[in-house]
C-alpha cells in the first residue's frame, strides 16, 4: 500500500513539474507578445476610447437616426435590386467584371470525343475537328448582350451579333458560334420578368420609406422625452407585401427559366460539337439570380411577420 501511494505521489510530482514547465513557456510567450504589442498599446487604447465615444454619439446624443425594422427591409431590397441589375447587365459592355456575368459560354477546344452506341455516325467528330482547326474563340451570352473573345485576349461585347461577326474571321468561328449565341439570346432568353420584378421591388422600397420612424415625444404624465415609433399604415403595408411577393415570384420564374434553358443549351451545343466545342453555364449569373430571390423572399416574410404582429397587438390592445 505504501509503495502504491509512493508511486502515485511520484506521478503527481512529475505532472506538476511538467505543468510548471509549460507555465514557464507560456509566460515567456506572453511576455514576448506584450513586448511586440507595446508600440500599439496607445493606439489600441485610443481606438477603444473613440469607439465608445462614437457609440455614445449614435445612441445617446441622437446624431444618427434610429434604425427601424423597415430600414433593414429597405436595405435588403436595395441589395436585391443591385444584384438583379448586375445580372441583367451581364455581357452588355466590356466594363470590368461585366463579361464575367453570363448565362452560357461556348468555346472551341479540342478534347477526346465521347462515343455512344446511339451515335449513327461517330466519325463525324473527326470532320468537325478538321473544320474547327486551331480556333479558340469563346462566346458568352447575357440577357442584353454577347461577348466574344476571338484569340484569348480581351472581350468584344455588343448587343448586335452582326456587328460582332463582322469583326471575326472565318477561321476564328468556323461553326458560327456567334450566330448560335444570338439565336439563344433572341429566342430563349426572356429578361422582362426580371425588369418588372425590379420595378415592383423599387416601388416597395418607396412604400417602406413612407413608414414612420423613431422620434421623440413629450410624455404627458412625466414631461420627459420618450422615443416612440407609430405603427405604419396597414393598407400601405399590405400593398407593399403584395408587390414584393409578386416580385419574388417573377424572380423565381426568371431564375428557374434561366437555369433550365442555360443548362439545356450548354449540353446540346457541347454534344453537337463533340470533341471540338465546350460549353458551360455562368456561375456568377446563377449566384446573382438566386441571391436576389432569397433576399426578396426574406423581405416578403419580414413584411408578413410585421403585419401579423401589428394585427395581434391591435387585438390585444382592443381587448
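The count begins at 1 with the first shown residue.
Backbone N, Cα and C atoms are what each Cβ position is placed from, and that goes for glycine too.
The transmembrane segment feature in TrEMBL is assigned to 69-89 (among others).
Beyond its flanks by at least six residues, the transmembrane segment (192-215) meets 65-66, 68, 70-71, 73-74, 77-78, 80-81, 84-85, 87-88, 143, 227-233, 236-237, 239-240, 243-244, 246-248, 250-251, 253-254, 257, 296, 299 of its own chain at Cβ-Cβ distances under 8 Å. Taken from TrEMBL, the feature transmembrane segment covers 192-215 (among others).
As annotated by TrEMBL, transmembrane segment applies to 235-257 (among others).
Taken from TrEMBL, the feature transmembrane segment covers 287-313 (among others). A Cβ distance under 8 Å defines the sequence-distant neighbours of the transmembrane segment (287-313), meaning residues of its chain 6+ beyond its ends; these are 69-70, 72-73, 76-77, 79-80, 83-84, 86-87, 101, 197, 201, 204, 231-232, 234, 237-238, 240-241, 244-245, 247-248, 251-252, 254-255, 258-259.
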If we skip the immediate neighbours and take only residues 6+ beyond the ends of the transmembrane segment (69-89), which ones have a Cβ under 8 Å from one of its Cβ atoms?
98, 101, 142-144, 191, 194-195, 197-198, 201-202, 204-205, 208-209, 211, 213, 232, 244, 251, 285, 288-289, 291-292, 295-296, 298-299, 302-303, 306
